[in-house]
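Peer 1: I'd like to ask some things about the structure below.
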Amino acid sequence: MPKFFPLLISTLTAAVLLAACGGKDGDAPKGAAADAASAPAAAGSAPRAALTVTVATPQKVSWAREIAANGNIAAWQEASIGADVAGLRLQDLRVNVGDVVKKGQVLATFDAAPVQQDQAQARASLAEAEAAYADARGNAERARAVQASGALSQQQINQYATSEKTARARVEAAKAVVASQNLRVRNTQIVAPDAGVISARTATVGQVVGAGTELFRMVRQGRLEWRGEARAEDLSAIRPGQRVRIELPGHAADGSASSGTAITGTVRQLAPTVDARTRYALVYVDLPPGTAARAGMFASGHFDIGADSALTVPQESVVMRDGFAHLAVLQPDRRVRLERVQTGRLNGNRVEIMTALPAGAQVVVRGAGFLNDGDQVQVVGEPATAAASAAASAPNQAAAPAQPAQAASK
């Protein structure tokens, strides 16, 4: 028995030490749970970081009132120049597309040899008719001279008079044929009916064309017009003589599409009717000569109809949410409230706001696109006192509900 005492004592000592260690390990989860319970409170007490933004005050400015419209640029009048003779070969072309021509300038010529032969034949027939008329007139005059003597019967005298009239009629007919052949000879030259610019050419050297075949098209006097499509409700504000700013299509330096040169036109007239399907009416605007405008261009125009007052904000301050425009309005506690607004005209980098805003309101400009309703912000150049005090109130509000929980745990 005595030899087992040392072993028994060692076993009991190990058991006591194991129990002591187990008690310490059992206390550890309680401490971890306490730390975990205190973590949310500590996290709730940390203020949320405020986004640094810039703000601006909406401004009332005087803006020009404009009516916008789109339309095509076309020739004021485009003349079709064709052949007046048939069966002749086109011999020479003297102009091309884009050439500026004067009234009466020769544009092309046909081979005139066949027509000149007909002209010579007509002139010969006229000479023959004139000779016959001279002979008939002489006979008639002699017959009338001896009428009183009774040398010729009345029937013979009437025959001489009839021959004279017939010969005179043949002379007139021959003259008409000569005039017709002269006209055909002149028509072998195609001339410009007015001053202008050649806009199209279908003629080809050696071509045999029929009468009426179009050979050229010409913009009369080089005049162009813009045919803007204005809404029916805008017509009452548009008057002849008004100025219109027309933006021609163009390209930026990098090759991308952009609004090119802007030119100023003058309203000439309004269409008397409105399209029953589209409810738009054409407005004819004269364009100045020597511009980059070309017939067939599509351009936008702006009619100047006066000026009025507009409430404007920087374009950067307008953010789109769910398809609607919003402004981030700064509140006294340095939080923002997203206000849904209606936008109007755009001028440079400023946008017209059609919705009324509170007096003295400030809207977020830089950083507006990153904000949600109720977010706290820090304004650039403004002391952080207001933002810090607002942030400090947040943990106090979060800690208040925790007190009943602590009491319950007790």
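Don't overthink the numbers, they just go from 1 along the chain as shown.
Each Cβ is built from the backbone N, Cα and C atoms, and glycine gets one as well.
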Peer 1: Which one of 35-62, 119-146, 287-314 shows up in TrEMBL as coiled coil?
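Peer 2: Among 35-62, 119-146, 287-314, the range TrEMBL annotates as coiled coil is 119-146.
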Peer 1: Among 359-384, 385-410, indicate the range for which TrEMBL gives the feature region 'Disordered'.
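Peer 2: TrEMBL lists region 'Disordered' for residues 385-410.
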Peer 1: Tally of helix, strand and coil residues over the domain 'Multidrug resistance protein MdtA-like barrel-sandwich hybrid' (78-219) according to DSSP?
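Peer 2: So the counts come to 66 helix, 35 strand, 41 coil.
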